[in-house]
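Asks: Here it is: the structure, laid out below.
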């Protein structure tokens, strides 16, 4: 199979939405029957985003094979059916680590190691490997053209363009076309300068995607075409929209997919975007709304919970309601108590690390349990629910996780001390182990207990979900907690680890050690999120009478 490559770069400013644009183009090409994958090349020195602050970088998206990746890979999976893996995201740090390891082994036979050709060759090899087996591979380059960090990646794709030829490569550049209110007009000069910068390093863009708060008029697109030496039909206007799921149709209406197909000389069917039209219709025509309180510690940056936010929206589509998310700082719950939890239709406690704000999350779980309010706990959200139950129902007053209180007399949650790494080797871990790459990661089979809400949601006795954590329920306390009324509704593939808990005498109190948000999509939703929103809607109706 001959793979074609579309390289996506960004200019003028960051956060233009390269990932959304790349994913939307991929969705159109997939709708034309093509097998598409997407890669993200990140120019930072970190080996992966696993140890980066969520308030700086946003969430860490976990793939099926356990890679800790950029949040853009979440967008990719939500827009196309192809599942991402560790080949779909790599960083400058990963490349340098790989090259330096080879140098230490003597693989370069005494050569002087340089950015060109050794670093660029390593980048090119990964890009080619990531695209294998697909009709089209879209490669997003992180950062902004002009940044010093991006230069090795840009040089690598320049070389690939020359080596593979025009019939197998296409360069798509996103730029900002701002509207100046004082002047009352759109300005194209930033785009012209960005293209000039890109051309100065040897890359001539084939497509320009012009971002702005309004559509770019035909005369301005003609001007951009003239000064940037790009065909006028290849100057695409991408205005702000109220839903990212409208973007595939917006790009298709301007013929972007047709331009790509003709460039690559691919024979394929017309795009069928009916699934996306249905998503847009459901989003625009809700029958009600619910308010979900998300009690977390990274709420100053909503992207820290990007996949959770999207999964709640998807569940809203399936229940035909708008989901309003109220972000609640768990430290505020500690300071003010129940008053900040009033008026909610459901509470969701997402994952997180560290002691800050954990007591607020425990209070949120207690409030939901005592007030029969739908509760959904994810990862740490399950652990705090279990800790709360142990303290206030099972009679273990000082119960805690050893992550937060190693001296707790009732360590109901403890560190995973033995684990199998990605190479199948046994690893021993302790509190002083490295933070990066030392967690239980990736898709794992879970056995569901018959007659539980978990089994009802999944419509079966097993599920497969992705994990990202170091701590697990301490099996020494399972019997005591079970006798107190806690239901262990999900167990690991070997039935040795607790994966899900729930309460019997509660309308909907369900929590999982895994991250179901990573597999939710706008077209398919996710059974647990759908069940949670359905329960929240039912709670609202009961309250309103």
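Using the three backbone atoms N, Cα and C, a Cβ is placed for every residue, glycine included.
It should be emphasised that the depicted structure is a prediction, and the values quoted were computed from it without experimental measurement.
In case it's useful when we look at the structure, here is the feature table from Swiss-Prot:
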type	residues	note
REGION	1-266	region 'Amidoligase domain'
BINDING	14, 147, 148, 149, 187, 188, 189, 190, 191, 192, 223	CTP binding site
BINDING	14, 187, 188, 189, 190, 191, 192, 223	UTP binding site
BINDING	15, 16, 17, 18, 19, 20, 72, 239, 240, 241	ATP binding site
BINDING	72, 140	Mg(2+) binding site
DOMAIN	291-542	domain 'Glutamine amidotransferase type-1'
BINDING	352, 380, 381, 382, 383, 403, 470	L-glutamine binding site
ACT_SITE	379	active site, nucleophile
ACT_SITE	515	active site
ACT_SITE	517	active site
Asks: For residue 148 (CTP binding site) and residue 382 (L-glutamine binding site), determine the Cα separation and express it in whole Å.
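Replies: Answer for this pair: 43 Å between alpha carbons.
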Asks: Rounded to the nearest Å, what's the C-alpha distance separating residue 14 (CTP binding site) and residue 470 (L-glutamine binding site)? Just drop the number here, would you?
Replies: 33
Asks: What number of additional C-beta atoms lies within 10 angstroms of the C-beta atom of residue 403 (L-glutamine binding site)?
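Replies: Counting Cβ neighbours of residue 403 (L-glutamine binding site) within 10 Å gives 20.
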Asks: When you tally the Cβ atoms that lie within 10 Å of each candidate's Cβ, which of the recorded positions (189, 470, 515) has the highest tally?
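Replies: Answer returned by the neighbour count: 515.
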Asks: How big is the L-glutamine site in terms of the longest C-alpha to C-alpha distance among 352, 380, 381, 382, 383, 403, 470, in angstrom?
Replies: 14
Asks: Measuring Cα to Cα, how many Å separate residue 240 (ATP binding site) from residue 187 (CTP binding site)?
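Replies: A Cα-Cα distance of 16 Å.
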Asks: In whole Å, how far does the CA atom of residue 191 (CTP binding site) lie from that of residue 17 (ATP binding site)?
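Replies: Just about 16 Å between their Cα atoms.
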Asks: Within the same chain, and leaving aside 352, 380, 381, 382, 383, 403, 470, name every residue whose CB is within 8 angstroms of the centroid of the CB atoms belonging to the recorded L-glutamine site, in sequence order.
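Replies: Apart from the listed residues, the neighbours are 351, 353, 379, 384, 401, 413, 469, 471.
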Asks: If you measure from the C-alpha of residue 140 (Mg(2+) binding site), which of the binding-site residues 19, 188, 190, 380, 381 fall inside 10 Å?
Replies: 19
